[in-house]
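Some features that TrEMBL has for this protein:
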| type | residues | note |
| --- | --- | --- |
| DOMAIN | 10-126 | domain 'Response regulatory' |
| MOD_RES | 61 | 4-aspartylphosphate |
| DOMAIN | 139-185 | domain 'PAS' |
| DOMAIN | 212-264 | domain 'PAC' |
| DOMAIN | 296-434 | domain 'GGDEF' |
| DOMAIN | 443-698 | domain 'EAL' |
């Protein structure tokens with residue numbers, strides 16, 4: 001992902017009209033750009049904001065009461081030339097536009113054409129990022145280039161190649177003293193790396209041109225072989241006859257190492273050693289051209305690690321880098337020697353497969369085989385400095401043939417397919433289809449709407465009843481989104497977006513707060529004081545270092561009494577096993593004040609008894625995928641019996657979700673399941689309907 005567009009931008013607006021500023025903000029929000037902004041109207045405020053706000057980009061009006069856009073550009077160029085400026089103005093002549101661009105403006109947008117603003121911002125920032133990256137690489141290349149310099153050795157021979165004189169550098173470079181070299185020929189330095197044909201060609205050139213220059217390998221006195229750059233010049237007498245030869249040479253070991261370093265810096269990712277975006281572009285261009293001749297189709301596989309940002313946020317970039325290195329090794333092992341594996345930034349990798357097949361279906365099948373091989377290779381736990389991290393990835397695949405589609409479009413289409421794979425549940429792959437682009441645009445719009453859902457009070461909590469053989473024991477709160485246009489949106493659609501954007505953290509805090517408000521209301525009512533509320537906690541929310549403090553603050557604010565066994569937090573297997581020691585510590589801290597813990601969707605993850613017995617749990621929730629067919633599928637029935645028996649041995653309660661028939665309920669009760677949840681007892685409903693149901697039950 002593009003680094004500068006993958007975080008919240010800081011936008012400085014120089015605009016004296018508040019309504020125009022609001023239109024600009026609205027346009028950027030509509031386009032899905034995450035940003036924070038401040039608006040200034042005077043020169044002093046503008047200068048101060050440059051120093052204190054540290055903007056990523058400046059959007060400036062041209063005509064202002066205090067000064068104009070040209071003066072603003074001059075200030076920026078003088079004090080912060082690295083910050084790009086886009087002029088956003090009501091009217092502009094061609095002469096003024098040229099003057100602004102010459103003064104340093106990156107672009108200009110007319111206020112009656114604000115639809116251009118978001119693309120202009122993206123292109124400007126990406127261009128600035130590329131310029132900065134090139135400057136960094138160029139600086140490293142210049143540093144590496146200084147390694148080329150070294151003092152040259154000189155050797156003088158007669159016409160028969162007997163050494164007459166050498167300089168000190170000759171001794172330093174070869175190990176032979178002047179006394180050891182005099183009278184002998186330069187053949188004492190031969191390494192054997194060059195054959196007779198090489199020397200024959202060298203002497204033919206020297207005899208013809210009286211000059212030869214080239215690279216060869218020589219041997220020092222101690223036997224060490226080294227690369228050398230040698231220039232031989234023939235010295236002629238008055239008759240044009242050769243009297244001497246002068247050889248000037250340098251040890252180019254450092255130069256060759258520097259050449260390799262320069263090549264590495266220019267074309268390879270320094271962290272993983274994989275080809276970078278620049279080398280990928282070169283190879284992709286060659287592959288596209290080659291596919292025309294061969295008629296064989298190739299494929300681009302765009303791979304992105306699932307939930308990588310959570311690992312970086314919770315464990316730090318050093319641990320994240322270790323994972324990237326391990327993933328790079330896995331990818332190399334999954335492809336042929338002639339295929340390309342590249343890292344193009346962050347946790348994004350590209351696999352380029354060539355010469356798959358002339359047949360589209362066969363090419364797609366071959367690409368899918370590689371993609372599934374990669375998914376399997378990455379989908380396991382990596383040990384990263386004592387941290388066990390379970391990794392998975394999502395892959396988008398785009399076939400290519402010839403130059404009908406540009407390289408950037410090929411990559412973008414594979415990227416789009418990758419996001420479709422993520423939307424399909426992650427740890428899977430998808431092929432690009434043009435309809436995906438439309439879906440991606442709709443998804444981006446929905447993501448922007450989701451940012452407003454919490455402040456605009458569009459989120460709702462539904463309650464689904466939980467029962468045992470004696471009656472109602474509580475409810476699980478389930479999140480719903482009442483969209484102003486689309487109506488009620490399923491959590492399956494918006495929860496992944498909330499996880500991806502980080503909005504799940506404030507949303508999760510709101511859910512916990514509202515659940516505790518309801519729990520407090522139940523605790524003061526004799527008819528409901530025995531009820532408990534189960535709240536799902538996301539991985540990103542639970543991984544917050546201050547999660548325990550957040551929960552305690554909610555309990556304090558709402559006045560709920562956790563010691564009445566009212567609050568139950570549901571955690572998934574993958575969540576607690578991601579960092580089991582951290583999970584245990586947080587669970588013990590909260591359990592000590594009366595909060596219960598339930599392991600959600602049990603049986604669908606990778607838990608083991610060794611881990612399970614360490615966790616301070618109160619309850620296991622059997623996933624509905626096992627409950628669905630327990631009355632007809634002997635395997636599911638056996639699994640459920642095993643889970644219940646295991647829980648009993650560990651002293652844990654068991655609740656089953658997805659109970660929809662009397663046969664399922666009877667089976668579960670007969671085998672010792674303590675509580676049930678599902679449509680047999682009631683679907684998720686708003687709190688008012690839930691309260692009415694409770695009232696009717698107590699009549």
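Note: Cβ is positioned from N, Cα and C throughout, glycine not excepted.
Automatic, uncurated: that is what TrEMBL annotation is.
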Counts of helix, strand and coil residues, the domain 'PAC' (212-264), according to DSSP: 12 helix, 30 strand, 11 coil
Cβ-Cβ distance under 8 Å to residue 61 (4-aspartylphosphate), same chain, at least six residues away: 14, 15, 16, 17, 20, 69, 87, 88, 89
PLDDT averaged over every residue in the domain 'Response regulatory' (10-126): 89
